[in-house]
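Trainee: So Swiss-Prot lists the following for this protein:
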BINDING   THR9, PHE10, HIS17, GLY88, LEU89, ARG90, GLU98, TYR123, GLN124, PHE125, ILE126, SER127, GLY128, THR129  ATP binding site
BINDING   THR9, LYS41, LEU73, ARG87  substrate binding site
SITE      HIS17  site 'Transition state stabilizer'
Amino acid sequence: MVTAIYPGTFDPLTRGHEDLVRRASGLFDKLIVGVADSKNKKPFFSLEERLTISNEVLGHYPNVHVESFSGLLKDFVRRHDARVIVRGLRAVSDFEYEFQMAGMNRYLLPDVETLFLTPSDQYQFISGTIVREIAALGGDVSKFVFPSVDKWLKEKIAAQEQG
């Protein structure tokens, strides 16, 4: 049984993320979506919110499991005896960072491969940062996120504006 890890902050989970999950889940027996507790990035959604959102969107995939992790990715990968780390590459701008991370992961985890997947054409330009910025300015992000995520964004932005 081959287990893969797809790590990220998923702040918020977009249709691009789901596209990668859908495709990667067909390649592996088990895919664990690792929602990073990235305090350094100062996420818009709390870890608990990101876990809930991810489970809402991805819960229908029978071989996909969502859970949080903190600390080094290598420890999370080892804990699950995963053989592959899945990463998405949207553009050339992603490549340098992802290439460096893959090299470091290979050094730390010599028996684990990093698999890069490019998004489907309609999702190549989507990022959580762009989605949050558009939503915060009152723009329509419904083509980039699932309805439940759109609702979460609107509620969180409204609460911040009131608070």
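Just so you know, the numbers here start at 1 and follow the chain as drawn.
Cβ atoms are placed via backbone N, Cα and C, with glycine included.
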Trainee: Between C-alpha atoms, which of these binding-site residues comes nearest to LYS41 (substrate binding site): GLU98, GLN124, GLY128?
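Mentor: If we rank GLU98, GLN124, GLY128 by Cα distance to LYS41 (substrate binding site), first place goes to GLY128.
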Trainee: Tell me, how many other CB atoms lie within 10 A of the CB of LYS41 (substrate binding site), whichever protein chain they belong to?
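Mentor: Counting Cβ neighbours of LYS41 (substrate binding site) within 10 Å gives 12.
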Trainee: For LEU73, LEU89, ILE126, listed as binding-site residues, tell me which one has the smallest number of other Cβ atoms within 10 Å.
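Mentor: Sparsest of the binding-site residues LEU73, LEU89, ILE126 by Cβ contacts within 10 Å: LEU89.
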Trainee: Given GLU98 (ATP binding site) and ARG87 (substrate binding site), what distance in Å do their CA atoms have, once rounded to a whole number?
Mentor: 8
Trainee: Drop a 10 Å sphere on every Cβ of the binding-site residues HIS17, ARG87 and tell me which sphere holds the fewest other Cβ atoms.
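Mentor: Across HIS17, ARG87, these binding-site residues, the one with fewest Cβ atoms within 10 Å is ARG87.
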Trainee: Of the binding-site residues HIS17, GLN124, ILE126, GLY128, which one sits closest to LEU73 (substrate binding site) when you measure Cα to Cα?
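Mentor: Given the candidates HIS17, GLN124, ILE126, GLY128, the nearest one is HIS17.
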Trainee: What residue among the binding-site residues THR9, GLN124 has the most other CB atoms lying within 10 A of its CB?
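Mentor: Buried the deepest by this measure is THR9.
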Trainee: What whole-number Å value do you get for the CA-CA distance of HIS17 (ATP binding site) and ARG87 (substrate binding site)?
Mentor: 10
Trainee: Quick check on the binding-site residues GLU98, GLY128: which one has the highest count of other Cβ atoms within 10 Å of its Cβ?
Mentor: GLY128
Trainee: Considering each pair of residues in THR9, LYS41, LEU73, ARG87, all listed as binding substrate, report the largest CA to CA distance in Å, no decimals.
Mentor: 18
Trainee: Rounded to a whole number, how many Å is the Cα of GLY128 (ATP binding site) away from the Cα of ARG87 (substrate binding site)?
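Mentor: Here the two Cα atoms are 15 Å apart.
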Trainee: Using the alpha carbons only, what distance in Å do you get between GLN124 (ATP binding site) and ARG87 (substrate binding site) once rounded?
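Mentor: With the alpha carbons as reference points, the distance is 14 Å.
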